[in-house]
C-alpha cells in the first residue's frame, strides 16, 4: 500500500491497523542532539487517546509510546527514530457480524473495491487509530519548532453541529473535554452530546489550528506551496471533508479592498490570508480550519449491501465517538507541526544564507 509517508526532509511513515498487534512509525530527518524522551511524546498522545472522556469512544488504550531507535543517552542521533504503540483493548468480536457487510459512510466498500479484501476489525488501516502515530511524530516536530524557533502550535474546537465557538480563552482548551475555547458554550456542547448519545446519532465539527512565531519565507513554488502542503496534511486526517486557510471560503463574499492584507511600517493590518501569500509564509500567524463529518458508526438503522450484493439493514455496534472532531484537535496540531518542520528544514537547506533588509514583524 503506497501513501503511508508524508514529508521530504522531515519524513514520517506510519504502519499498523486498529486491531493489529501494534501501531508504529519511522521518523526520518530529525537533526542530532535534540533532547528527547518518551515523556516528551506522551502528553499529546494522552490528549488524543480514547477512553478519557464520557463523550468519546470507551475503548481504553493507554497509548504508551516506546522509542525503539534514533535516541541515545536522551538525545537524538540523527538516524531514523522508530516509535511503537501496542494495542491492548481490541474487541474484534464486535465486528464479526459485519465482516461481509459494507458500513455506509466508511471505507469498507472502497477498500474492498481497491484491494479485493479488507480488515473488517474496526476499519483496519482506515481507522483513526492510525493517527496516534502521527501525534507521536508530531510531538517531535512541535518540540523542535518550539525550542529552536519559538514556534507555538495550538488547536481548538470552533464549531460542533450548529453551535459556533469563539476563541475567547486558549487556556480553557485543556480544561474541558471538548477542547473548547469558549466558556459560554460548554454547557450547550454538553447538552448536545448527551442528546446524541441518547439518540445513538453523531455530529460533525470544525477544528481550528494556529501556528505563531513562524518565520517568513517557508514554502516552495509551485506544487509545494506551504498552504497546499498544509491542506494535504489536514485532508489526510480521517473524517476531514474540507480545509480552509485564513478566511477560506468567506473570501467569496469579500471585495479585494477588504480582503487584501495591507502593510504599513508597523506591520500587516489584517490576516485574511492566514499567514501565507503565494504559498510562502509571511511571518504572521498561520491559521487553518478543517471540517470533520459526523461519524457513520451510529446505532440509527441504515441501508447498505453485503459483499454478495444483497440489501441489508445496518446498525453499528462497538465503541465509537459521537463527535470525532473532539479528539481531532491534537491530530491537527501534529500534522501542522510535521509540515512546518519539513519546510523549515528545506528552507535551511536551500536558503540558509539568504538575508534581506525587508522589515519583519
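Cβ atoms are placed via backbone N, Cα and C, with glycine included.
Database features (Swiss-Prot):
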- 48, 54: NADP(+) binding site (BINDING)
- 125, 126, 127, 238, 239, 278, 293, 294, 295, 296, 297, 319: FMN binding site (BINDING)
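Structure coloured by features recorded in Swiss-Prot.
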residue: 48; record: NADP(+) binding site; Cβ within 10 Å: 24
residue: 125; record: FMN binding site; Cβ within 10 Å: 19
residue: 127; record: FMN binding site; Cβ within 10 Å: 20
residue: 239; record: FMN binding site; Cβ within 10 Å: 20
residue: 293; record: FMN binding site; Cβ within 10 Å: 17
residue: 295; record: FMN binding site; Cβ within 10 Å: 23
residue: 297; record: FMN binding site; Cβ within 10 Å: 20
Rounded distance in angstrom between the Cα atoms of residue 125 (FMN binding site) and residue 48 (NADP(+) binding site): 18
Alpha-carbon spacing, residue 293 (FMN binding site) to residue 48 (NADP(+) binding site), which is rounded to whole Å: 18
Structural state of residue 295 (FMN binding site), classified by DSSP into three states: coil
Nearest-integer angstrom distance between the alpha carbons (Cα) of residue 295 (FMN binding site) and residue 48 (NADP(+) binding site): 17
Cα-Cα distance linking residue 297 (FMN binding site) and residue 48 (NADP(+) binding site), given in Å to the nearest integer: 19
